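Written out below as structure tokens is the structure these notes cover.
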Amino acid sequence: MDIACRRDTICAIATPIGIGGIGILKISGADALRILRTLFVTRTGKPRSSFPSHRLCHGWIRDPKTLEPVDEVLASYMAAPRTYTGEDVVEINCHSGYAVLNRMLEIVVSQGARVAEPGEFTQRAFLSGRLDLSQAEAVADIIHSRSQEALKQAGRHLRGDFGREVSRWREHLMELEAQVEAHLDFAEDLSEEGDPALAGLLSRVETQVIPALERIVSHYEEGRVLREGLSMVLVGKPNVGKSSLLNALVGRDRAIVTAMEGTTRDVVEDSFWVAGVEVRVLDTAGIRQKPDAIESMGIERTLRSVDEADLVLWILDHSRPLTEDDDRIHERISGKRVLVVLNKMDRCGPTTAQAARTRYGLEGDVVELCALRPEDAQRLKKILQDRVLKEALLSAESTFAVNRRQRDCLARALEALQRACALPDPEAWPELVSEELRAARKELDAILGLEADEELLDRIFSRFCIGK
Ligand code: GDP
């Protein structure tokens, strides 16, 4: 997106295009009011000379060439700078339908507006200083939120809570930078041991800034789960009840359940909600030796899903003995976060929780259940909430859930500050201290978008939908 041409007037359909009650067309830029004046007529077909700011006006949009009315609308003009973009904005609420919305857009474009790129309205809000970059990113997060918790977090970011916190750290570092610089200026007057005040300054960084950054960086994974949902893969040898459990968890017949081995050959995905967090669950081909060619491809995909998942639900079968196939799965999932389920507890069988614990040296609990009983699926969801999602839900209350870009910036800032504090003799190296403080502060600048280049902005705003 070319920032240089940001002063032209842009327009977009802001609602999903389809049949519905209301569709909204947005216009932003210096020509917005002129375009509205040209197109809008009152109920009696007269042009309207004045549009008070931030007020709805009832009337019609007509085709300026044929003068034919196109649709009955409620239009609002919002004068800069108290608008979303910081520019003059017009919103036209018309009826929603493919023809009417596209016609409206055509007419507005015929008056000189350009169709906006994805995220261009929010980009303008950022460029006009109405939002910092962390707030602009929160707009996309709100739109893409897949859990109530993620929505709550994105709301905090949009209100500026995170941006304000980052600004506070930034000011703190700038103050320190200035003080270190001042010491540098008087370096010649210092004794050979250097300046003892510098150690005091650094200890403030150590106690006030570093712990806050550490907390956010270390809770990134929990925050990510809230933002993106938890991905959980069901693994186990054929016929242990993976598909039955998937169906029980999502509450409908999503995967085929048969007594024949090797029927699930591809990865089947669905989702359910636990404590406001989306859990995406993948049912996979059962892993066993000597599969046929198609089944082998399914097993390949299973192994890939295991690598990518946040949690592996490893299912064992109470009604059959543990075999080498179970051993191979155990090997394959080592290093992953695993919850072990012993299924088919309604039947008699040789495999007990204790047998599994002993054979595989399991430390955590083995969840015993029957996938055919709905109440057991509910119990498993509660266990997921208490054992797996609890940390994420708790951390959401005590810290900020940041996105990957913000996490990377914070991690680099943290490293720079830790390097400064780890200098064995910081007083002797004030230049190094100053450099690290500056490096950390620049990372905080990047979170707020204070020195964002065009490429970064393009990358961020291209995540948005058109009309936002
Ligand atoms: P998958 O191959 O691991 O996906 O296993 P399926 O879900 O297809 O189940 C294989 C067979 O075991 C089917 O006949 C299911 O009805 C049966 N099954 C699954 N879970 C249970 C259970 O908890 N108890 C009993 N008795 N049968 C089960």
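Backbone N, Cα and C define each Cβ position, glycine as well.
Remember, TrEMBL labels are computer predictions, not curated facts.
According to TrEMBL, the (6S)-5-formyl-5,6,7,8-tetrahydrofolate binding site annotation covers Lys26, Glu91, Arg130, Lys468. Classification of Lys468 ((6S)-5-formyl-5,6,7,8-tetrahydrofolate binding site) by DSSP places it in coil, neither helical nor stranded.
The feature GTP binding site is assigned by TrEMBL to 239-244, 258-264, 283-286. According to its DSSP assignment, Asn239 (GTP binding site) is coil.
Taken from TrEMBL, the feature Mg(2+) binding site applies to Ser243, Thr264.
Marked as domain 'TrmE-type G' by TrEMBL: 229-389. Confidence across the domain 'TrmE-type G' (229-389), taken as the mean pLDDT and rounded to a whole number, stands at 86.
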Taking Cα atoms as reference points, rank the binding-site residues Lys26, Glu91, Lys468 by distance from Ser243 (Mg(2+) binding site) and give the first.
-> Lys468
Same chain, 6+ residues apart, C-beta under 8 Å of the C-beta of Arg130 ((6S)-5-formyl-5,6,7,8-tetrahydrofolate binding site), given in sequence order | Pro81, Tyr84, Thr85, Gly86
So what sits near Lys468 ((6S)-5-formyl-5,6,7,8-tetrahydrofolate binding site) in its own chain, CB-to-CB under 8 Å and at least six residues off in sequence?
-> Ala14, Pro118, Gly119, Phe121, Thr122, Val139, Ala140, Ile143
The one of Lys26, Lys242 whose CB sees the fewest other CB atoms within 10 Å, among these binding-site residues | Lys26
DSSP three-state assignment for Arg130 ((6S)-5-formyl-5,6,7,8-tetrahydrofolate binding site) = coil
Annotated binding-site residues Lys26, Glu91, Lys468, filtered by Cβ under 6 Å to ligand 1 | none
Where Asn239 (GTP binding site) and Glu91 ((6S)-5-formyl-5,6,7,8-tetrahydrofolate binding site) are concerned, what is their Cα separation in Å, rounded?
-> 57
